[in-house]
């Protein structure tokens, strides 16, 4: 009888543990859902304010300000969300650092192929002594 009650308690404990885990992880908590809703509202407000700021001057934005004052107070009351909020900044698709990493030899190859007068150079075996001042090849010497 002792072994049966022990297994009964173990299965009961595992069942309660699974229910508690599902309740904590799967079921949304009202505080989390309200913080998500607040985050969505803040994002919409930020988009609206950026559109209004782009279309009108700062003085006009101050006239429109009282209609947004109640939303401004809500930002201070925001609960802790799941992560740090990243500001929306317009960035180029290719990072600026990539320009430093990419090595475009177009300017160098053009400088090697043509001289100051636009004449084509046909080789670099002899160095600069191979060409005269006008870009023509020297033979001999």
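The backbone N, Cα and C atoms fix where each Cβ goes, glycine too.
The following features are taken from Swiss-Prot:
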- 1-31: signal peptide (SIGNAL)
- 82: phenylalanine amide (MOD_RES)
- 117: sulfotyrosine (MOD_RES)
- 122: phenylalanine amide (MOD_RES)
- 134: sulfotyrosine (MOD_RES)
- 139: phenylalanine amide (MOD_RES)
_Applying a 10 Å Cβ distance cut-off over all chains shown, what neighbour count does residue 134 (sulfotyrosine) have?_
9
*Under 8 Å by Cβ from residue 117 (sulfotyrosine), same chain, sequence gap 6 or more*: 134, 135
